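Have a look at the structure below, then the notes.
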Protein chains: 4
Amino acid sequence: MAGSKFAYVKKFELPDALLPNMFMVFRLDGHSFHRFSDEHEFVKPNDVRALRLMDHAAKSVLEAYSDIGLAFGESDEYSFLLRKSTTLYNRRESKIVSTLTSLFTSNYVFHWPTYFPDVPLRYPPSFDGRIVLYPSQREVRDYFAWRQADTHINNLYNTVFWALVQQGGQTTTEAHATLRGTVSKDKHEILFSHFGMNYDKIDPRYRKGSVFVRIETPEAPEVTTEATSSQPSEGIPKKAKKGKVPTTLELLHCDLIRDDFWEKYAHLLD
Amino acid sequence: MAGSKFAYVKKFELPDALLPNMFMVFRLDGHSFHRFSDEHEFVKPNDVRALRLMDHAAKSVLEAYSDIGLAFGESDEYSFLLRKSTTLYNRRESKIVSTLTSLFTSNYVFHWPTYFPDVPLRYPPSFDGRIVLYPSQREVRDYFAWRQADTHINNLYNTVFWALVQQGGQTTTEAHATLRGTVSKDKHEILFSHFGMNYDKIDPRYRKGSVFVRIETPEAPEVTTEATSSQPSEGIPKKAKKGKVPTTLELLHCDLIRDDFWEKYAHLLD
Amino acid sequence: MAGSKFAYVKKFELPDALLPNMFMVFRLDGHSFHRFSDEHEFVKPNDVRALRLMDHAAKSVLEAYSDIGLAFGESDEYSFLLRKSTTLYNRRESKIVSTLTSLFTSNYVFHWPTYFPDVPLRYPPSFDGRIVLYPSQREVRDYFAWRQADTHINNLYNTVFWALVQQGGQTTTEAHATLRGTVSKDKHEILFSHFGMNYDKIDPRYRKGSVFVRIETPEAPEVTTEATSSQPSEGIPKKAKKGKVPTTLELLHCDLIRDDFWEKYAHLLD
Amino acid sequence: MAGSKFAYVKKFELPDALLPNMFMVFRLDGHSFHRFSDEHEFVKPNDVRALRLMDHAAKSVLEAYSDIGLAFGESDEYSFLLRKSTTLYNRRESKIVSTLTSLFTSNYVFHWPTYFPDVPLRYPPSFDGRIVLYPSQREVRDYFAWRQADTHINNLYNTVFWALVQQGGQTTTEAHATLRGTVSKDKHEILFSHFGMNYDKIDPRYRKGSVFVRIETPEAPEVTTEATSSQPSEGIPKKAKKGKVPTTLELLHCDLIRDDFWEKYAHLLD
C-alpha cells in the first residue's frame, strides 16, 4: 500500500483508557465567556436566555449518551456524570473529552437563534473540557455539592453587585468596594434593606443552577428520546439500545448538597 | 467559605502536561460523518462545499493559535502541527484537545450557511480530537505523508467507484465488486478507458487535500489576522502578540510527500 | 551556578502522582526465577527455605512502611496493600514502585544466608514491580482472592506433577501428559490413590500462601517494630510516627476468599 | 477455572508503554544514603570503596541490558542511557524502572563484601529509580552535562569542607560558615593556600564521576560479556543476541560537557 511505509507514525498514539469502574465527571467551561457575554450583551446578573441555551446544549449531550445520568450547570459551565460502568468509546479519555465538548459546542451554536432570536451570533464561541475520576459515591456527591456551593456564592455576590450598580447607581468599582469583606449575611441584608429583595425568593434557576436527572420510565411506550429530538442517534452505540429501559430527562433547580436529592435519585450513583 | 469543605474533590484533577520540546500533532475527525454527509446530500465523490467549510473552520483555528504553523485536511478530518516549543495552555492535553476541537466545531456550524446556503443544517455535527507527540522532524514529515497517502488512496478509489455508479450505471455492490483486487494502475485505466477521465487532471484539492501554511510577512503592515476575521483574539495569549512578526496563511493543494515542500517551508519544523 | 544552563532537562520529568483515595496494590515478581530456582536447586514442588526468605523480605517492607496493612505471597511473587489514604512519597508512582522493589530485593539478598546456609548465592536475583489502583473494597478483596485462587491451582498441579515424577517415576513430559485435561477432583484422586496423599492435609503455607496482617496493639508498650529489626526507620516519614498506635505483624496461612478473614480484619480495608 | 471470576481485577492494570523513538534515561539514587554512609563509616569526602561498588553494580546492569550504551555515576546515584529504539519489555515503564532498580540493588548487596571486606553490611540499603524521556541528542548531552556539573559542584564543596574539618580543625558548623558565599575560585584558593592541594590534581574519579561506555569490538572473538560475568543472561531478550556485534564496556572518568567525548563516541546517541 502506498501509505504503508509511513504508517509507523501511528505507533505514537498511546492508549489512554481511563481506569475501569470509576465514576467519570466530565466538566466543560466556556472559553473567554466574559468577553463573549459582553459582546452579546448578556443581561446581568443572569441572562435566562443564555442559561436556557446552556441547558438545551446539555440536554442534547444527555440525549446522545445514555450513560450520563446526571448533569449540573451554572453560568457558562456544565458537569456530566457518567456511570462508573460505562464502556463509552472504550473509556478513551481524549475521545470522550473531545466528542462531548464538540457535541455541546455544536448544539450551542446550532440552537443559538432559538434563545437569542434578536441577537445574531457575532462569532463562534468555544468551550474546554476535562474528565475527573472519582472512586466512590461520597466524592461524586461532594463534587456536585462543590459546584452548587460555587453557584450560590457567585450568584449571591453578583446579585448584590448588579443591584448596587443597576439600581443603586454605584460604579462597578464602588460596588466591589461596598462588597469587600462582607459575608453572606451582610449581602442578604443589603439586598433586603436597600433593594427590597428577598434573596431566597429569587428564581431557583439562578440560586441553584440547573440539574438534569435521567429517570427510567419502564411503563412508558418505548419512544426513545432520540426519536423526538433533532439529534440523531449517532452518538449511541447501536447495541446499547437493545432492550434498554426507556428514560426521560427532568430539569430541576433543586438542592444537591443535602441528602434528599441523593436519596430520591439513588440510582444515579449506581 | 461555603464550598471549602467540598473543595478537596479538586485534588482528583491530575496534571496532564505533555512532554516539553515535542512536536504536537492535533488531529480531529468528523463523528459519524457517513451519516451526516448522507443526511445533507453531500455530492459524491467530493463535495467542494463541504471541503471548503472544513478549510474555513481549520483556518479559524490557525488564526486563533499562532503556534500552529501547518495544517492538513482531507474529507472530514484535519491535522494541525503545533510548534514543539509551544507553551499553549501550559501544554495541558485535555485543555488543548477540547478547546481546539470545540473551536473547529463551532466554526463549522457557524459558517455552514455560507457554504450550504440552500441546505439547512439538520442537526449539529460533532468531531473528536486527539494529540500525538513526535520527537523529530522525520516523524512529523512522515505523519503528514501518511495522511496524504491516505487521501490519495481514498480519493482514487472513490473517484472510480462513483464513476462506475453515477456514469457506468452499476449498483454500489457491483462497483465494489468491480474494484476488488484492482491496483492503482487498474483504477487509472478504468477511469481513462471507460469514462475518459485523466485522474491526474482532477482538481488537486481532491487528490492532494488542503494544506495551510503560515508564512511570516515581516514587510507587511502590521495587520493581525484576527482583525480581518470574524474570530476575536480571545484564543491568543495576550503577551504572545507583542512584537510578533505578522503572518499570513496560505491555502495550498500540493504534495507533502516529496522534499520540495519541506525545503521551501523549512521553518515549519523549527 | 555552573550547572544552571543544563538544568532545563529537569523539566522533562513529568509528575506521576497516583489518584488520591484509591487503594494501591503493589505486586512484585521474581525475574527469571525458573532459572534462579534451578541454579540454586530449590526443592520441588515447594522449597520452604525460599518461601520463608520471601516472607522475611516482605516483612521488612511491611516494617518500613506502616501504610501497608496487608500482604500476600506465593512462589516468587508478593502483593502489598497500601491504605487508600496513604501519602507515601506524595503517591508518586515510580518512586513507590522502585523503592519498594529495591527494598524487597535488598532484603532478599541480605537474608539469603539465613535461609540457605549451605547454598551460596550464585548470582544476584532481581524482581519487577507494578502498582495497580482499585476504587473499592470489593475489588481489593477480589484481587487477593484472585492471587490465592492462583496459588491453589498452581500448587495442586505442581504437587501432583512432582509426585508423578519423584515418586511415580514418570518423566516430566509423561507427567504433563498424565495431567492434561484433568480437573481438580482428578488431581486430588491421583494424589490420594497413587501416593496416599490427602491434599487438604498438606502444609497450609503451600496451599494458601503467606498472609501478613498488621494488627494495632494499643495496649502494648510503645516499641516500634523498627527498633527491634535490623531495618532502620529510614523508610518512614518521621512525622508519621508521632502518636502512632503501635502495631504488630502476624503471618498467617489462611483463606482470603471467604468472608471470615475480611470480617475479622475489617480495618485493613479502611 | 477456579480463579476466573476474580480475574476481572487484571483489567485495572493499564498499559504504560513509553513513547517510541525517545531516548530513555534511567536514573537511580540511594535511599537515605546520608544515614547509610554514616552507619558504614564511609570515608569523607569520597569513599573509593563505595564508588567502586556503585560502578560494579552499574556494570552488572550494563552487562545484562545491551540496549544501554552509556552510564554515568557519582556519589550514590547512577544514570543509564537506553537506545531510543529499544523495545526492552515493550517499553513498559514500571517494568523497566523496577527491574533495573532491583538488579542494581541486588548487585550492590551481593558485591558489598568484595569492596568492604572488613565492614559488615549492617542493614539492606535501597534505591529509587525513574525514567525521563528526551526527544533529541541535544537534551541527552545536556542531561549528562547537568549531572557532571553537579558532580563538580558537590565534590569541590565537599573537598574543601572536609579539608577544613579534617585538616583545618574546624567544626562542621564552622566549615559551612567559612564556605558561605564563596565561589569556585575561592574554594580552589582555600585548598591550595591552606592545604597545599591542587584541586585539578585530585583523582578524576572524584572530580568527573564514572562513565561507562559500550564499545563495539567486531574483531574480537565472540565472547559475550555475560559469559565472563557472574550475571547470567536472563535479562537479555534471546533474539537480541543473534548476530549481535560483541561489545565491551569501558570505565572512564572523563569530561562529558565538552564536545570531545560525544564526537569520539558518537554512536552512543544513535
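Any Cβ shown, glycine's included, is placed from N, Cα and C.
Unlike curated entries, TrEMBL annotations are predicted automatically.
C:Asp76 (Mg(2+) 1 binding site) falls outside any helix or strand according to DSSP and counts as coil. Annotation for C:Asp76 (Mg(2+) 1 binding site): same-chain Cβ neighbours under 8 Å, separated by at least 6 residues, are C:Asp29, C:Gly30, C:Phe33, C:Phe36, C:Ser37, C:Ala50, C:Met54, C:Phe127. TrEMBL lists C:Asp29, C:Gly30, C:Asp76 with the feature Mg(2+) 1 binding site.
Residues or ranges marked as Mg(2+) 2 binding site by TrEMBL: C:Asp29, C:Asp76. Within 10 Å of the Cβ of C:Asp29 (Mg(2+) 1 binding site) there are 18 other Cβ atoms, across all protein chains.
Annotation note: C:His34 (GTP binding site) sits in a helical segment as assigned by DSSP. Around C:His34 (GTP binding site), no same-chain residue six or more apart in sequence has its CB under 8 Å from its CB. The annotation GTP binding site is assigned in TrEMBL to C:Asp29, C:Gly30, C:His31, C:Ser32, C:Phe33, C:His34, C:Ser75, C:Asp76.
Per-residue pLDDT, averaged across the domain 'tRNAHis guanylyltransferase catalytic' (C:7-135), gives 98. Feature annotation from TrEMBL assigns domain 'tRNAHis guanylyltransferase catalytic' to C:7-135.
As annotated by TrEMBL, domain 'Thg1 C-terminal' applies to C:139-257.
Look at TrEMBL and you will find C:221-242 tagged as region 'Disordered'.
Over all protein chains present, the Cβ of C:His31 (GTP binding site) has 22 other Cβ atoms lying within 10 Å. Using a cut-off of under 8 A between C-beta atoms, the binding-site residues C:His31, C:Ser32, C:His34 that neighbour chain D are C:His31, C:Ser32. Those residues of the chain, other than C:Asp29, C:Gly30, C:His31, C:Ser32, C:Phe33, C:His34, C:Ser75, C:Asp76, with a C-beta within 8 angstroms of the mean position of the GTP site C-beta atoms are C:Phe36, C:Ser37, C:Glu77, C:Pro125, C:Phe127.
Between the binding-site residues C:Ser32, C:Ser75, the minimum number of other C-beta atoms within 10 Å of a residue's C-beta occurs at C:Ser32. Of the binding-site residues C:Gly30, C:Phe33, C:Gly30 has the largest number of other Cβ atoms within 10 Å of its own Cβ. When the domain 'tRNAHis guanylyltransferase catalytic' (C:7-135) is classified with DSSP, helix, strand and coil residues number 57 helix, 31 strand, 41 coil.
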